[in-house]
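Chemist: According to TrEMBL, the record shows the following:
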ACT_SITE  Thr166  active site, nucleophile
BINDING   Arg194, Val195, Gly196, Asp197, Thr217, Gly218, His219, Gly220  substrate binding site
Amino acid sequence: MKPVIVVHGGAGRIFKEREEGSRAGVVRAALQGYGILKQGGSALDAVEEAVRSMEDDPHFNAGHGSVLNEKGEVEMDAIIMDGKNLDSGAVSAVKCIANPIKLARLVMEKTKHMLLTDRGAHLFAQGMGIPETPGEKLITERSRDRWKKNLEPDSNPEEFQKDLGTVGAVAIDSEGNVACATSTGGLSNKLIGRVGDTACIGSGGYADNRSGATSTTGHGESIMKVVLARLILYHMEQGMSPEMAADTALDYMKTRVGGLGGVIVVNNSGEWAARFSTKQMSWATVKDDQLHYGIYTGERHTKSVDEALASESEGF
């Protein structure tokens with residue numbers, strides 16, 4: 001099986017001054033994940049590494065760069081899933097952790113549970129020896145400015161929600177195993193303790209070797225109402241291609257509950273799709289040593305992996 005990885009950096013509106021950084025960030029993540037797959041590594045390791053790369057990149061609403069809740073704190077959600085045996089691990093409302101995706105993987109592999117939240121997740125992280133990162137270190141100037149703007153009496157937090165940045169990855173490895181991973185800082189100025197779709201299996205992501213894997217982004221409450229990730233795989237089980245399954249599910253979410261979003265998909269034969277109903281979504285994929293990436297509908301740049309790695313080392 002030829003390995004494939006697809007990543008997204010969030011669906012919504014990407015402000016002009018952030019476009020280049022978003023493109024570079026998803027390309028870097030896809031190349032890092034693909035590097036693992038090319039050496040015979042697992043889909044699980046590849047998606048975790050790709051998401052970790054984006055959690056460390058302040059351009060995205062995950063890890064360092066997460067938006068702030070109503071009290072000005074970072075609370076993050078993440079999920080990872082193994083398509084081989086349907087094992088999954090997730091964390092929600094976690095604070096002071098640089099890479100929630102790593103913690104989600106530990107929940108999957110070191111506990112009998114699938115989802116740990118808030119204080120329990122924090123205690124588990126301590127027990128696993130994950131270093132604590134002071135909350136301020138995860139906060140960017142942009143997130144703090146946005147939080148302050150949203151506190152103003154005439155502000156419209158809904159307007160800012162369009163500039164989301166949940167990150168995710170899906171992959172299939174040379175053994176034919178699929179996996180997905182998704183991570184987010186959630187909604188700006190959300191209520192304390194609000195958990196969106198990302199940490200919920202079947203909504204923020206789903207992976208099953210029998211059909212494929214998907215990771216979602218967009219309006220979390222809408223995604224949860226239609227269980228978007230699982231819905232896409234259901235359509236693929238009925239014989240749809242990844243692209244058609246993604247479009248059909250996104251269209252249903254839009255018409256049924258008025259929600260917009262984006263998805264990345266890979267099926268169990270290595271076909272992939274990156275689709276969205278929002279204005280933009282940063283995405284990148286590598287298949288057959290070819291990198292493809294874009295942000296706008298219809299935008300698709302292509303480079304060889306060697307060319308991309310060369311320009312990556314020169315600073316994209």
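Keep in mind that glycine also has a Cβ here, set from the backbone N, Cα and C atoms.
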Chemist: What are the sequence-distant neighbours of Thr166 (active site, nucleophile), meaning same chain, six or more residues apart, C-beta distance under 8 angstroms?
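Modeler: Same-chain residues close to Thr166 (active site, nucleophile) (Cβ under 8 Å, separated by 6 or more) are His8, Gly10, Ala11, Phe60, Asn61, Ala62, Thr182, Ser183, Thr184, Thr198, Thr216, Thr217, Gly218.
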Chemist: Counting only other Cβ atoms and using a 10 Å cut-off, which of the binding-site residues Arg194, His219 scores lowest?
Modeler: Arg194
Chemist: State, in Å as a whole number, the widest CA to CA span among the substrate-binding residues Arg194, Val195, Gly196, Asp197, Thr217, Gly218, His219, Gly220 given in the record.
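Modeler: In whole numbers, the farthest two Cα atoms are 16 Å apart.
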Chemist: Which residues in the same chain, at least 6 apart in sequence, have a Cβ under 8 Å from the Cβ of Gly196 (substrate binding site)?
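Modeler: Correct list: Asp77, Thr184, Gly186, Leu187, Gly204, Gly220, Glu221, Ile223, Met224.
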Chemist: At 10 angstroms around each C-beta, which of the binding-site residues Val195, Asp197, Thr217, Gly218, Gly220 has the fewest other C-beta atoms nearby?
Modeler: Val195
